[in-house]
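Peer 1: From TrEMBL, for reference:
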SIGNAL    1-26  signal peptide
DOMAIN    75-133  domain 'Cadherin'
DOMAIN    134-242  domain 'Cadherin'
DOMAIN    243-347  domain 'Cadherin'
DOMAIN    348-451  domain 'Cadherin'
DOMAIN    452-561  domain 'Cadherin'
DOMAIN    576-676  domain 'Cadherin'
TRANSMEM  686-711  transmembrane segment
REGION    776-798  region 'Disordered'
COMPBIAS  788-798  compositional bias 'Polar residues'
Amino acid sequence: MENGGEDTLQTRQVLLLFVLLGVSQAHSEPGSFSVAEEMQSGSFVGNLAKDLGLEVGELSSRGAQVVSNDNKQSLQLDINTGDLLLSQMLDREELCGSTEPCVLHFQVLMKNPLQFLRIELQVRDVNDHSPIFLEKEMLLEIPENSPVGAVFLLESANDLDVGMNTVQSYTISTNSHFHIKMRVNPDNRKYPELVLDKALDYEEQQELSLILTALDGGSPPRSGTALVRVVVVDVNDNCPEFQQPFYEVKIPENSILGSLVITVTAWDLDSGINGEISYTFSHASEDIQKTFKINRKSGEISLTASLDFETIESYSVIIQATDGGGLFGKSTVRIQVMDVNDNVPEIAVSSITSPIPENSPETAVMVFSIRDRDSGENGRTICSIPEDLPFLLKSSFENYYTLETEKTLDRESRAQYNITITVTDFGTPRLKTEHSIIILVSDVNDNAPAFTQVSYTLLVRENNQPAMHIGSVSATDRDSGTNAQITYSLLPNQDPHLPLTSLVSINADNGQLFALRALDFEALQAFEFHVGATDQGSPLLSSQALVRVVVLDNNDNSPFVLYPMQNASAPCTELVPRAAEQGYLVTKVVAVDGDSGQNAWLSYQLLKATEPGLFGVWAHNGEVRTTRLLSERDAARHRLVVLVKDNGEPPLSASVTLHVLLVDGFSQPYLPLPEVVPERSQGDSLTVYLVIALASVSSLFLFSVLVFVAVRLCRRRRAAPLGVYSVPEGHFPGHLVDVSGTGTLSQSYQYEVCLRGSTGTNEFKFLKPIIPNPSPQCSGKETEETPPFNSSFGFNIQ
């Protein structure tokens, strides 16, 4: 336990040693010892107690020990005697290198009380290393014409020892040409120099071999040697000479890379290395070095970059020929670049005017210049444009050209021109450049609007809706932009009787026509007016077209029965003898229709009859005839309802009621009807009533016709300028037009209806009545012919 405690205490004290090392050094004076390197381990260094003035027993009692900063135990202390001994062999070169003096520092640690003592150990150098040359053989090339006294530097030897043990002198083997001279560097290192004592002669001795020896100052001295080979260099007393002092060569600018330009040749009268010539460029510019390359051995100059005559036309190259001795000769090579046609002409546009007005002749459109980088014929150019264009080229000054219009252009014929300007040089091969431009032609208001038709015919059905679109007119303008913006309008009407503004209107933007009110075919069958189209250019241009509006008939009028009249105060009664044959004409229903065409084609049919099967109505002429023989059993009074229907869509109709009285003969003015008792008392006045009725019907009919004709004539006078009002062209079918027959209208009459479409008017004729013989009472009555007259429908009535 006590030993363990002492060990622990010692360990702590050792640790404190390093902490308080600097402090201890400040409290004691150092002790100095000296020892030679390479001494064996255990060699005596000195007595520490004597040197420090300590008792031998004190070292032991205070536990003295030696420590070093690098923890290397190079010394050991004998605490019994106080002697310092080497614990290992010391190598000064390893410990200190070239540092002189070589001093090692140690500390002596003593306890009770704690004390640090510093000691120094100087390691003395011994001559244990020989001088060494890094190069065992040194080569010196010395020209034979080197002057006596010339100095040549030699490599020095290295010696790891210091002081007198390092290199102190150099010697050279015995010879008649050189001796050694010592030099000292600023760091006190000595190096040798070889001094020429006698001129060399290459022809006498071309090489010398000398031994250089380095000696140190040790005892005994050590040495190192190296071989010095002195090669006598022949004197170069002849300069290279070129065959020509000036070379000139021409080469095309399109020569391929690597091609040979020229070969220069020089010679040297010297032999050996002095006669070996190398060729180089002298004072060559960067362009020359990039463009050409010279072979150092053969003198061949080759091309390494593309030539461009337009950039550099020629090169002047100085060639230097240098021999092995450093002498040189020079020659100049002029390389002339020959132009080839390798540049296409160039067009530089100065100004372009586009668009150009179409009405501007001889207007400058484009100004441009032409350049060809080639020279001579290769740089001469000609400029052209296609011949089919209304443009021409004019040359101004130097290479400037002007493209102008040759005549007035027409934008409507061609709105733009693609012009290709071709520039061709005169080289071989001929090169050309094409430059295309697009010239736009701006519009001038030189075209009036043009209608697609000179006249328009619009078909409009009557009874149309107001503001209905009835058609359109269209005009085009060959101009463009605002010059082609068209406005439509109705032109003032020349007919003061036609209220045009109340009939139609036009859309100013698109030319659509609208009927402002419902049209009536019977009142106005057609009318004409002019429309105008005006552009927005400056000045304003316009044109006009004729518009004819034809009103188409609609089936809007029902048939009108002329006979028998339905508004008479007494009904009309037709007399039929009982002895009448089958097909006997009882009467004829006469009707007209205010419409035209097939809307006015009438057909008749028996709608009702008192005794069906006794009477029939012809469908096409309205004749009422018996369909069989009469008998005594047939009733004396018959009531027939006849339907008159037109051929329109939808068809319109009217009906008329006929009263037929069967009598035994026309001599009896009155026949009592047993079926009707009240009428027997009136049999005497039947004839009088019939005559009065017939006269009233005839008078009323004539008056109605005259009034109707007068009204139609007035309307025709108003509408006469608008056109001819007629039924549709073409003949009516014969079975619907011409009607004839015989029958009775209170008496027996014969009449004819004739419609003629070819004349433009329809004539309706009543022929004079023909009185048959069977009735003597009626024979005394004569019916006068009624003069013909024109109705509003164009019929002639007799």
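One is the number of the first residue shown, and numbering goes on along the chain from there.
Just so it is clear, glycine is given a Cβ too, placed from its N, Cα and C backbone atoms.
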Peer 1: Need a quick answer: max count of Cβ pairs under 8 Å to the domain 'Cadherin' (452-561), which of 75-133, 134-242, 243-347, 576-676 is it?
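Peer 2: Between the stretches 75-133, 134-242, 243-347, 576-676, 576-676 has the largest tally.
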Peer 1: What is the three-state DSSP composition of the domain 'Cadherin' (243-347), stated as helix, strand and coil residue counts?
Peer 2: 10 helix, 47 strand, 48 coil
Peer 1: Work out, from DSSP, the number of helix, strand and coil residues along the domain 'Cadherin' (134-242).
Peer 2: 3 helix, 55 strand, 51 coil
